[in-house]
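According to Swiss-Prot:
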type    : residues                                       : note
BINDING : L121, G125, H126, L127, E246, S354, P355, F356 : (6S)-5,6,7,8-tetrahydrofolate binding site
SITE    : H229                                           : site 'Plays an important role in substrate specificity'
MOD_RES : K230                                           : N6-(pyridoxal phosphate)lysine
Amino acid sequence: MNIFNNNLHETDKEINEIIKHEKLRQSNVIELIASENFVSPAVLEAQGALLTNKYAEGYPSKRFYNGCEEVDKAENLAIERVKKLFNCKYANVQPHSGSQANQAVYLALLQPGDTVLGMSLDSGGHLTHGAAPNMSGKWFNAVSYSVNKETYLIDYDEIERLADLHKPKLLIAGFSAYPRNIDFAKFREIVDKVGAYFMADIAHIAGLVATGEHQSPIPYAHAVTSTTHKTLRGPRGGLILSKDEEIGHKINSALFPGLQGGPLMHIIAAKAVAFLENLQPEYKSYIQQVISNAKALASSLQERGYDILTGGTDNHIVLVDLRKDGITGKLAANSLDRAGITCNKNAIPFDETSPFITSGIRLGTPACTTRGFKEKDFVLVGHMVADILDGLKNNEDNSALEQKVLNEVTKLIELFPFYG
């Protein structure tokens, strides 16, 4: 027997079982992690294709290896499709992740020790926007802006004051946990006053931007980064866009050979498939449903007496502030998980609790919207979440209520078939 000719279930029963069990897990829960989604069968097929065998250092028509004719076509398709999707002149589809997309922009535009101004982690920013444990916080002089202490909205006056004081080389807009729209035009006004570069990280809202449901940063930012999963419903990966082709050339060199070696051609092919899906009219309807579902989820939780940060949402994210309820984010997320609802604990702005505990939870609607959930379904989900939270306020042992909600979850998700 030649092991290299076997299928997965023949070669590695352990990994095969893990995949089977993970499929069951994904199909049997209400997925509310805001950064997760379900890719289409077409994207899955492309991602598992034999393009994984091909090394292709460099860029189309400028490779360091021969035999790249077909993968060049795949990468060019991905580039042209995403440029059309976002109406921009430059795109790089090679970043392995959103973090590496951000790193490539830093490498292209900054020198070690330069000042960067980004949203603080506890206000909803991302690790790669200057957080102390991250490379961006170690290599650069990172200054953070926060949200307003009363409204929890981005404080553009504070950003302007900090920019004038610190004269950053780069101003970063973007977030991992902020439920409201961003005024990219206002960011550009601030940037122009201090002579900085402007990077917009739209990893969470890329789908909203692509469909016109959120202001596009393309006309305002020198560089725009994103992941290709989340609201874009593609494979896990990164993306860099710009209206400025000269900056694009710098970014190309920064990513390769500056940061990465060979690109993942099977992932790039899957990105191309996702971008083609994103260009279809049905995708805009999907994004509109994602937003409507988030509003329904937020409203149902508010009706049950729970504080929703900023009073609602403009996108796919709902942040539940549990401080007045005496519940930690960790306790809530773990109890919800046992009840068949997956989300994540999340810091609340000006949170004094440990980031490993937190005072809130982050909920998101993309994944269940992909399965077919509508507003009425998310109203039910909101009440399920509230039931669990109510139980945590009143009882140390929430197991009976968790089982009750788990039964309700099972009945609801049976209406929305998963992968065949």
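Quick reminder: no glycine exception, Cβ is built from N, Cα and C everywhere.
Counting in whole angstrom, E246 ((6S)-5,6,7,8-tetrahydrofolate binding site) lies 27 from H229 (site 'Plays an important role in substrate specificity') by their C-alpha atoms. Cβ neighbours of F356 ((6S)-5,6,7,8-tetrahydrofolate binding site) (same chain, under 8 Å, six or more residues apart in sequence): K330. The two recorded residues, P355 ((6S)-5,6,7,8-tetrahydrofolate binding site) and K230 (N6-(pyridoxal phosphate)lysine), show a Cα separation of 23 Å. In this structure the C-alpha atoms belonging to the residue listed as 'N6-(pyridoxal phosphate)lysine' and L121 ((6S)-5,6,7,8-tetrahydrofolate binding site) are separated by 19 Å. Long-range Cβ contacts of H126 ((6S)-5,6,7,8-tetrahydrofolate binding site) within its own chain (separation 6+, distance under 8 Å): G118, M119, G174, F175, S176, D201, A203. For the binding-site residues given as G125, P355, the lowest number of other CB atoms within 10 Å of the residue's CB is seen at P355. Geometry remark: L127 ((6S)-5,6,7,8-tetrahydrofolate binding site) versus H229 (site 'Plays an important role in substrate specificity'), CA distance 18 Å. Between the listed recorded positions, namely L121, L127, H229, K230, S354, the fewest other CB atoms within 10 angstroms of a CB are found at S354.
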